[in-house]
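Trainee: Structure in structure tokens, see below.
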There are 2 protein chains.
Amino acid sequence: MPASRDADDVQYNNSEILDPRIRQRLKHDAQGLVAAVIQQYDSKEVLMVGYMNDEAVRRTLTTGRVTFWSRSRQEFWRKGDTSGHVQYVKSFNLDCDGDAILVEVDQVGAACHHGTRTCFLSGGPLPVVVGTRSDEEKSI
Amino acid sequence: MPASRDADDVQYNNSEILDPRIRQRLKHDAQGLVAAVIQQYDSKEVLMVGYMNDEAVRRTLTTGRVTFWSRSRQEFWRKGDTSGHVQYVKSFNLDCDGDAILVEVDQVGAACHHGTRTCFLSGGPLPVVVGTRSDEEKSI
């Protein structure tokens with residue numbers, strides 16, 4: 001198991017480009033992107049999923065605001081610039097293999113451009129067969 | 001804003017293949033996949049991110065267990081089959097444009113194959129500049 005990294009242990013230099021030590025930990029897709037899950041820091045609602053390239057990661061780490069790379073528009077997109085629905089960064093974690101990011105934010109207003117608090121409220125639920133733990137699994 | 005869909009409103013037929021009405025709502029990437037965020041239903045921890053093709057979506061909706069498509073191994077992967085760390089499905093939501101899924105689950109044991117409860121605890125935090133709401137934004 002990789003050692004848990006404490007945010008205060010290491011000093012990175014993201015002043016011009018994303019620090020190469022961070023870049024090396026990212027596992028980019030064919031478009032150079034990593035999926036970013038955006039979660040409200042206090043209520044823990046999952047607000048949306050966006051994508052970041054290295055520069056979007058750098059801006060998100062260094063400016064207090066979440067920046068994405070828009071796959072459809074092929075441009076940087078700082079959440080809230082047109083809508084006012086800003087995402088203030090509270091924490092930033094990589095996953096175990098570097099192909100996903102979890103950003104905890106304070107979301108001003110609606111995260112979804114359709115006006116709902118989260119994009120998953122806008123899309124809505126599908127009916128599922130619900131699974132339940134076995135008796136043996138209840139203490140795990 | 002799209003009407004919020006109630007899971008009880010529509011009857012889908014996922015018995016052989018994913019119902020075409022669901023398939024049409026998915027926005028697949030070039031590999032035919034959609035990103036799936038897996039969240040513990042009660043604590044709201046974000047456990048991991050995986051990817052699903054149409055058949056993995058169908059299995060997840062109909063079996064009570066989360067099934068992914070492994071991009072590295074190019075095969076279906078039912079979480080917990082080798083580790084015992086099963087994910088029991090509690091709910092399934094699409095996002096507004098159908099390119100992300102949020103599955104609430106009951107996770108038995110560790111979600112991460114490195115043994116931590118979530119894959120983001122294994123990857124660990126990076127230092128961030130924390131952003132804060134302006135006075136005007138405090139009531140939004």
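A Cβ is built for glycine as well, from the same backbone N, Cα and C atoms used for every other residue.
Okay, so TrEMBL annotates it like this:
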| type | residues | note |
| --- | --- | --- |
| DOMAIN | B:48-120 | domain 'Phosphoribosyl-AMP cyclohydrolase' |
| BINDING | B:ASP95, B:ASP97, B:ASP99 | Mg(2+) binding site |
| BINDING | B:CYS96, B:CYS112, B:CYS119 | Zn(2+) binding site |
Trainee: Which Cβ among the binding-site residues (B:ASP95, B:ASP97, B:ASP99) has the fewest C-beta neighbours inside 10 Å?
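Mentor: Fewest other Cβ atoms within 10 Å, among the binding-site residues B:ASP95, B:ASP97, B:ASP99, is found for B:ASP97.
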Trainee: Rounded to an integer, what is the Cα-Cα distance in Å between B:ASP99 (Mg(2+) binding site) and B:CYS112 (Zn(2+) binding site)?
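Mentor: Between the Cα atoms of B:ASP99 (Mg(2+) binding site) and B:CYS112 (Zn(2+) binding site), the distance comes to 23 Å.
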Trainee: I need the CA-to-CA distance for B:CYS112 (Zn(2+) binding site) versus B:ASP97 (Mg(2+) binding site), whole Å please.
Mentor: 28
Trainee: Round to the nearest Å and give the CA-to-CA distance linking B:ASP97 (Mg(2+) binding site) with B:CYS119 (Zn(2+) binding site).
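Mentor: So the Cα of B:CYS119 (Zn(2+) binding site) lies 26 Å away from that of B:ASP97 (Mg(2+) binding site).
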Trainee: Once the DSSP letters are reduced so that anything not helix or strand counts as coil, what is B:CYS96 (Zn(2+) binding site)?
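Mentor: Note: B:CYS96 (Zn(2+) binding site) is coil by DSSP, not helix or strand.
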Trainee: DSSP says what for the domain 'Phosphoribosyl-AMP cyclohydrolase' (B:48-120): how many helix, strand, coil residues?
Mentor: 12 helix, 30 strand, 31 coil
Trainee: Test of understanding: give the count of other CB atoms lying within 10 angstroms of the CB of B:CYS119 (Zn(2+) binding site).
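Mentor: Its Cβ shell of radius 10 Å holds 26 other Cβ atoms.
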Trainee: Across all the protein chains here, work out how many other Cβ atoms are within 10 Å of the Cβ of B:CYS112 (Zn(2+) binding site).
Mentor: 23
Trainee: Note down the number of other Cβ atoms within 10 Å of the Cβ of B:CYS96 (Zn(2+) binding site), including every protein chain shown.
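Mentor: Excluding its own Cβ, the number within 10 Å is 22.
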Trainee: To the nearest whole angstrom, state the Cα distance for the pair B:CYS119 (Zn(2+) binding site) and B:ASP95 (Mg(2+) binding site).
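Mentor: Cα-Cα, rounded: 22 Å.
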